[in-house]
Amino acid sequence: MRYLRLWRRFFAQAVVRETHYRAHFLTTLLVGLVQLGLGIVPTLLLFGFTEEVHGWSRAEVIALVGVYQVITGLMATFIAPNLNRMTSYLTEGELDAVLLRPVSSQFYLTFRWINVAELSNVASGIIVLAFGLVQSGLTPSIGQVLQSIVLATCGLVLLTAVWSAMVYLAFWLQSVGPIGVVYLNLVEAGRYPLTFFPVPVRSFLTFVFPVAFATTYPVQALSGSLGWGSVALGIGLSAIAVLLIRLLWQRGLRTYASASS
Amino acid sequence: MKRNLRVLQRMIAAEVAQQSIYRGAWVIFMLANICTPIISLLIWRTALANGARLPVDQRYITTYFVLLGFATMATSSWMAGFLANDIRLGKLSSWMIRPASLLIGFVANNLSEKFLKLFALVPMIGLVWWIFRDSMNVPAGAGRWALFFVTLALGAILVFTIDILIAAFAFWMDDVSALVQARVIIGSVLSGSVVPLALMPEWSRGFIDYQPYRYTVSFPVEIVAGNLSGSELLTGLGVQLGYVVAVGLLARVVWAAGIRAYSAVGA
C-alpha cells in the first residue's frame, strides 16, 4: 500500500516533468506513429500473398500488432527508463544512495522513473487493436476480455522479470548497455503470432523469453480459443519469475562493492 | 593522399587497440544485430510453407536473410550524430589544425569497429548458415562473390557519404537528431533491411529499383541470393556507381559550404 502511494508520487512528478519538455512529447508521438506504421508493413505485405497463415487472418494479426504496441508502450513508459539506467547505477555508485532509502531497493530501481510521453504509443496501440478486432468481426465476451487482460499482465510481469535478469548481469559484467539492445530486438518476435515460428522457437518464446504471454495469448483469449488453463499457467510462471528475480537481486547485491569506497 | 592514407592506417591501429577493450560488448551487439533478420526469416519461411505465393522461392528468402545481418553491419555508419555534435559544439576546430583530412577520424572509427565486429558476427552467420545449409543459394563462380564484396564496399561508401551530408546540416541547424532518425527509419525500409525489396508490391517496382537505398544493402545481397541477369547486374552496378559519385560530389559541395559558414563555438 505504501508502495502504491509512493509510485503515485513518482507518476505525478513524471507528469510535471513532461510538461517542461513539450517538444519531447511531440517527437516521441511522431516517432512512435512512424514506427507503428513501419512495423505493420511486413504484416501487410505478408497478407498480400496469402489469406491466412496457420489459422491467423490479416485482421487478427493486426489486432496482435495493436497488443504488441500497447505492451511495448507500457514497458517503454514504466520499465525501460529504469532498467536502462542499471549500468550507471552500478558503475557510478548511484546504488549507494538507493540502498540507504527506507524502501525496497529493487522496487525503487524498477519503478522510479516514468517516461509519460511513451503512453501515446499505448493509445495508438489500443486504436490498432480496436481496428483489428472490428475487422476480424470478433465479439469477445466479458470473460474473454478478462482472460486477455490477465494474460497481458502476466506477459508484462514476465518480460520485466526477464529484462531485469538480463540487466542484473551488470553486477558481474559491469556494463550491460548492449544487453538492452538484445532485449529490444528479441521482443520484436512478439509482433507475430507464436505459431508463425518453428516448434523449438515457440518453446523459447513461451518459457525462456516469454513474449508469447504478452501478445499471442491475449489475442487468442479474445478470439475465444484459449481456456483458463493457460491463464493459470501464466499466473504460475509469473509468480515463479518474480520469486527468481528477487533471489537474483539479493545474490547480485551481495557482490556489490560500491564504486566509491 | 599518401599522407592521409598513412595517417588513416595509424589511426585505425589505435582505434582497434582502444575498441578491443569492449570485445564483450561487440559480441552482444552482433547478437542483437542478427535477431531481427532471423525472426523475419522464420516468419517468411512459415508463410511459404503455408502456401503463400511469393514472387521468390524459399532459397532466395533464406539466403537473403542469412546474409542480411552481414550486409547491414558492413555498410552501416553511425557517425552523423557524432559529427553533428562536433560541428555544433565547436570540437571541429581541433581537427582543422591537424595535418590530415577532417573526416579521417570518423573513417578510422568506422573501419576499425567493423573490423572488430567481424570477429563476433562471422561465426554467428556461419552457424545460421549451417542450420539452413540445405536451402542456401550458393553461387557457383567466384565472380558473384567478388561482386558481392565490391558492391558492399561501394554501399558502405554511399551510406558514409549520406551521413556526411546529413551531419553537414549541423552547420546551419541547431538540432539534426530528427534528420538522423528519419534517415535511419526511411533507410531501414527502402534498403531492404526489414523486408526484401523483391516482396514490395508491383506498383512500387520502378521507384523501389532505382532509389538510392536499394544500393546500400539490398543490391549486394541480391547478387548472391537472387538470379539477377547479366544486364541487370551491369545496370545495377552502373546505378550504384552513379549514386556513389553523385552523393559524394554533393556531400563535398555542401561540406565545403558548411566549413565556410562554420564559426567555431568558443573561439
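Yeah, the Cβs are placed from backbone N, Cα and C, and that goes for glycine too.
Per TrEMBL, the feature transmembrane segment maps to B:21-44 (among others).
For the transmembrane segment (B:64-85), the residues of the chain that approach it from at least six positions outside its boundaries are 30, 33-34, 37-38, 40-41, 44, 91, 103, 106, 109-110, 114, 117, 121-122, 124-125, 128-129, 132, 136, 152, 155-156, 158-160, 162-164, 166-167, 169-170, 176-177, 179-180, 183, 191-193, 196, 198, 216-217, 220-222, 224-226, judged by C-beta separation under 8 angstroms. Feature annotation from TrEMBL assigns transmembrane segment to B:64-85 (among others).
Annotation source TrEMBL lists transmembrane segment at B:115-133 (among others). Counting same-chain residues at least six beyond the ends of the transmembrane segment (B:115-133), those with a Cβ under 8 angstroms from any Cβ of the stretch are 12, 16, 19-20, 23, 26-27, 29-31, 33-34, 38, 41, 62, 66-67, 69-70, 73.
According to TrEMBL, the feature transmembrane segment maps to B:145-172 (among others).
Positions annotated as transmembrane segment by TrEMBL: B:178-199 (among others).
With a threshold of 8 Å between CB atoms, the same-chain residues lying at least 6 positions outside the transmembrane segment (B:145-172) that come near it are 71, 74-77, 79-81, 83-85, 87-88, 103, 107, 110, 139, 179-180, 183, 212, 215-217, 219-221, 223-224, 233, 236-237, 240-241, 243-244, 247-248, 250-251, 254-255, 257-259, 261-262. For the transmembrane segment (B:178-199), same-chain residues at least 6 beyond its ends with a Cβ under 8 Å from one of its own Cβ atoms are 36, 40, 54-56, 60-61, 64-65, 68, 72, 80-81, 84, 162-163, 166, 169, 208-209, 211, 213-214, 216-218, 221-222, 226.
Tertiary proximity for the transmembrane segment (B:21-44) is limited to same-chain residues at least six positions away from its ends with a CB under 8 Å from its CB atoms, namely 54, 61-62, 65-66, 68-69, 72-73, 113, 116-117, 119-121, 124-125, 128, 132, 193-195.
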